[in-house]
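See below for the structure under consideration.
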Ligand code: ADE
Ligand code: ZN
């Protein structure tokens, strides 16, 4: 039986959060001490990550990632983040993982995924939160590197690694050059998603759909600049992993009221809410839900429908999806996205 709408913590789901980007500054400082590494330039005087623009964000992100050097460091990271999410009411999360970042810290793919999986299991045992991993290639590392990740992931299948994606600097590399990697991952049964329409324009979203055959897009918000593309997204049921706080922090929009998430939703696009790299952008999944509700007047039913959209689009098996669905209150049909 489905739970009543109720007033308890709103059930949430997150499809787009980079695990290295979820590292709490305190954990990074502890690891710097453990490995006796100088972290000058990493944090500002408030103790938060110190970056100014997308390029310096990526540089600080890479530097912090290099402090995760052992499977137990990653276990602690996934467990810490998922516990935090569960405390905000999340029932499901997909952690974006980057084997290239782990390799940069000297960690093999098996050790990386093994450590993260242990943290996921511990968080699930403690809180009931369900999680999967999406392995990504970093586009500014080049098409060969992205293909190497696809081969690594498909050559050593792990039950919790259920997706493949593309992140990094969207200004580099046309989607066509990553088509082979996506074909390898898709043929192995992995769910596919790609960052597009964050810094690059609507043409990047169309190209990701056409060349990478994805049914989910990371961000995708700049699709709003092309009405025909918005119609296509709605007609094809493409799911957008929208990260409003990230877009504001990186300067895409000046204030949440100018963010296109509400227009996209009203145009019939399937949208989900996500935090991307929460401590870097001083946000949390709970804050994303709360601020959108406040600014766009979204009701509890709207937010539950958004969580439902994420569960429907999740890269998990149907049995898990059905179990997650049963944890959602029933929402009348007019709220379904
Ligand atoms: N990697 C981590 N965060 C990212 C973002 N917002 N866009 C692209 N690549 C990323
Ligand atoms: Zn992202």
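Every residue gets a Cβ built from N, Cα and C, even glycine.
According to TrEMBL, 16, 18, 195 bind Zn(2+); the candidate from 100, 276, 302, 312 that the record adds to this site is 276.
Other Cβ atoms within 10 Å of the Cβ of residue 16 (Zn(2+) binding site) number 30 in total over all chains. Checking the recorded positions 198, 276, 277 for a CB within less than 6 Å of any atom of ligand 2 leaves 276, listed in sequence order. In this structure, the recorded positions that sit close to ligand 1, with a C-beta under 6 angstroms from any of its atoms, are 18, 195, 276, 277, chosen from 16, 18, 195, 219, 276, 277.
Within 10 Å of residue 219 (site 'Important for catalytic activity'), counting CA to CA, the recorded positions 16, 195, 198, 277 contribute 16, 195, 198.
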